[in-house]
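Quick look at what Swiss-Prot annotates:
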- N17: site 'Discriminates between blocked and unblocked aminoacyl-tRNA' (SITE)
- Y22, F69, N71, N117: tRNA binding site (BINDING)
- H27: active site, proton acceptor (ACT_SITE)
- D96: site 'Stabilizes the basic form of H active site to accept a proton' (SITE)
Amino acid sequence: MTAPSLAPPRLIVGLGNPGRDYEETRHNAGFWFCARLAQAWGAALAHESRFHGIVGRHGTRWMLLPQTFMNRSGQAVGALARFHRIAPAEILVVHDELDIPPGQLRLKFGGGMGGHNGLKDITAHLGTQDYWRLRIGIGHPGDRSEVVNYVLKPPRREEQADIDAAIERALGLLPLIEKGEWNAATQRANSKPASPKSQETP
């Protein structure tokens with residue numbers, strides 16, 4: 001892995017699956033983040049077939065929600081990145097993370113993909129693992145055989161509240177990230193939030 005890029009991102013990608021059947025499922029946490037980011041940016045989102053996804057723009061920054069289904073996300077990311085000459089290190093991918101409890105975040109550059117099929121395909125299309133990832137915790141079902149069923153179901157109410165709170169915290173990182181202050185953003189993202197609601201429930 002190369003040293004982390006400190007350049008602000010030119011492309012923010014939210015991962016998920018298209019269609020109403022998947023809108024409220026855990027695997028769509030990246031889409032949820034981008035929906036809130038589009039509101040914050042005041043950006044209009046439109047489907048662009050050449051990029052295989054829904055695209056928004058804010059100044060010189062792009063947002064992409066691939067509409068290819070999760071395991072082909074790289075097709076969309078690669079197409080937009082090549083067209084606009086965006087380097088992998090200038091890309092931030094926002095996705096759900098099984099190994100983190102609901103309500104928590106992790107920001108990191110490069111590294112492994114943790115079995116996430118969306119990241120695997122993006123890495124294959126970019127030819128490198130060296131891009132930024134913002135991981136939104138959705139928790140783990142406890143049994144590997146239950147993972148597919150788990151990520152394709154909606155969170156419980158208390159989990160949804162924690163995930164929504166984490167997304168708001170993630171939006172709060174953007175002023176740092178947009179200035180290239182990745183170290184400060186990483187420290188803030190990776191710090192444990194105070195008293196997540198789901199942990200207070202007996």
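Cβ atoms are placed via backbone N, Cα and C, with glycine included.
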(request) Could you check which of these recorded positions, N71, D96, N117, sit within 10 Å of the residue listed as 'active site, proton acceptor', going Cα to Cα? (result) D96
(message) Cβ within 8 angstroms of the Cβ centroid of Y22, F69, N71, N117: which residues besides those meet this for the tRNA site?
(response) N17, H27, T68, M70, R72, S73, G118
(message) Using a 10 Å radius around its CB, how many other CB atoms surround Y22 (tRNA binding site)?
(response) 18
(request) Within 10 Å of the Cβ of N117 (tRNA binding site), how many other Cβ atoms can you find? Include all protein chains, please. (result) 16
(message) Please give me the CB contact count at 10 A for N71 (tRNA binding site), counting all chains in the structure.
(response) 13
(request) Would you give the longest CA-CA distance, in whole angstrom, between residues of Y22, F69, N71, N117, the set recorded as binding tRNA? (result) 16
(request) Have a look around D96 (site 'Stabilizes the basic form of H active site to accept a proton') and count the other CB atoms within 10 A of its CB, chains all included. (result) 27
(message) Which one is it, among the recorded positions F69, N71, D96, N117, that lies nearest to N17 (site 'Discriminates between blocked and unblocked aminoacyl-tRNA') by Cα separation?
(response) F69
